[in-house]
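Over in Swiss-Prot, the protein carries these features:
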DOMAIN    35-70  domain 'EF-hand'
DOMAIN    155-299  domain 'PI-PLC X-box'
ACT_SITE  His170  active site
ACT_SITE  His215  active site
REGION    305-324  region 'Disordered'
DOMAIN    349-465  domain 'PI-PLC Y-box'
DOMAIN    465-589  domain 'C2'
Amino acid sequence: MEMRWFLSKIQDDFRGGKINLEKTQRLLEKLDIRCSYIHVKQIFKDNDRLKQGRITIEEFRAIYRIITHREEIIEIFNTYSENRKILLASNLAQFLTQEQYAAEMSKAIAFEIIQKYEPIEEVRKAHQMSLEGFTRYMDSRECLLFKNECRKVYQDMTHPLNDYFISSSHNTYLVSDQLLGPSDLWGYVSALVKGCRCLEIDCWDGAQNEPVVYHGYTLTSKLLFKTVIQAIHKYAFMTSDYPVVLSLENHCSTAQQEVMADNLQATFGESLLSDMLDDFPDTLPSPEALKFKILVKNKKIGTLKETHERKGSDKRGDNQDKETGVKKLPGVMLFKKKKTRKLKIALALSDLVIYTKAEKFKSFQHSRLYQQFNENNSIGETQARKLSKLRVHEFIFHTRKFITRIYPKATRADSSNFNPQEFWNIGCQMVALNFQTPGLPMDLQNGKFLDNGGSGYILKPHFLRESKSYFNPSNIKEGMPITLTIRLISGIQLPLTHSSSNKGDSLVIIEVFGVPNDQMKQQTRVIKKNAFSPRWNETFTFIIHVPELALIRFVVEGQGLIAGNEFLGQYTLPLLCMNKGYRRIPLFSRMGESLEPASLFVYVWYVR
């Protein structure tokens, strides 16, 4: 039956005799079989018996079977098939219930899966599934490790903004290093497409009264401020409906700040939040209440109430140039380190700052006594790390009330990143990373914000929100640990190493990131000279004390005996977004690009 179906699909392509490598690749695509060209090329070479660069229909069938008929899938199929040829709908339902932990399962659902994935018409009409169909199902999105429920916004989005982790970028305009690299609109577009909700804009006076964006006092190139916000306007809500915060690093004169205010209002129109929401006069609004809104984060003159009362009056009337105004209106005069040059705030720009007023962090005690609900702090990673070790309870209390942004230290001229996990552990909402720099920190960032539909907002765990909680990530005294078991079964079409001596020698590392006690990793043995279908069949167990903060990272490396192991691909996701059962893990490159069909095949089980 399968042979008849197979021949009916391919025989027309062999009417002219043999086919070459390119036609082989196209025929596999026609059959909906995903295979990377580099692996097809090698398998083609191995099965071209006459070594003429052309293969027969029988040789193509051998290639097809090598690619699609994986031993580990056949073993599962045979376990549930009564005759090792087909699965009845009841057999499939049993598999989904017992192995895939399907909460709701019936023959009707099994019928739907059969209709969707079974390619052989007569088998499909009989409400049965062949190995061909089962293989296609196991290779589908429905069997990915990442839960379908987490692909949509499922969390309560009506909490105040300070109750969420918010995807945030640092120096968003840069696509390289911070001294000589180019400033590029792609930095903003790329970040927004990835779900970033807080963008940094470094603003300076430009020629012809046009503010520019670049890394000040460096040789990085410049962008017009109005061009930057036009790009943001175009892409702001392409990935997520929830609010975007524009974090202004404002070095402009009052005259060019007024130009900035005009540009913001002209570009964003009604999307720009320029006054308090009626329902939130003294608390931060929720992401839900701020859908499709742009928020400006900057220094501000006076209070929200004063701004609200001033609305409708001439916003160009007073730029607060007089030094005597400083006592009445805090934030008018700023000093940069030991320099005496003061920066004045244009009232027109100040009035656009509503719920995200930038306020210098002084101390936790000062914040408790004086900080207003709409005031946000930005703290450098070095100071934040020191505070998190010496005053962790105060830090967590602070992040329960106020939006806190953590940014990379100034010495990271190469745009490198810190590990964001240590600051998520204490509830910091905006942990700002250099999105242009690939590596472990961005893998964690991308993995964490896969959750909640990639919306860029993730509700913090209750113990980082509730005032009665005494959570300390370094001293876990209570909670409900999870025992996570992962059987790493096999790899599927893994990338090849660049080494000429050990191509195809691969291993997998499984890492856990979370509170300090949960940080751990384990790795498989090396499989030699088989990147196409390595079989490990190794089982690993992890005890995870705070699963709400845990991320799991799978890393595939090529063994390197002299220069060290070579990174080949990775996948990171929140522990609580992992499906149980037999699952496929897609791999991504260091730059975050999909390496499909390269993937891992695992069996996952966990209990709390």
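Just so it is clear, glycine is given a Cβ too, placed from its N, Cα and C backbone atoms.
Note that the structure is predicted; figures quoted are calculated from it, not measured.
Outside the domain 'EF-hand' (35-70), and at least 6 residues removed from its termini, the chain residues within Cβ reach (under 8 Å) are 6-7, 10-11, 14, 17-21, 24-25, 27-28, 131-132, 135, 490, 492-493, 496, 531-533, 597-598, 601. Contacts of His170 (active site) defined by a Cβ separation under 8 A and a same-chain sequence distance of 6+ are given as Glu200, Tyr407, Pro408, Ala432, Leu433, Asn434, Phe435, in order along the sequence. Residues belonging to the domain 'EF-hand' (35-70) score a mean pLDDT of 95 in the model.
The DSSP secondary structure for His170 (active site) is coil. The Cβ neighbour count for His215 (active site), using a 10 Å radius and every protein chain shown, is 23. DSSP assigns His215 (active site) to coil in the three-state reduction, outside any helix or strand.
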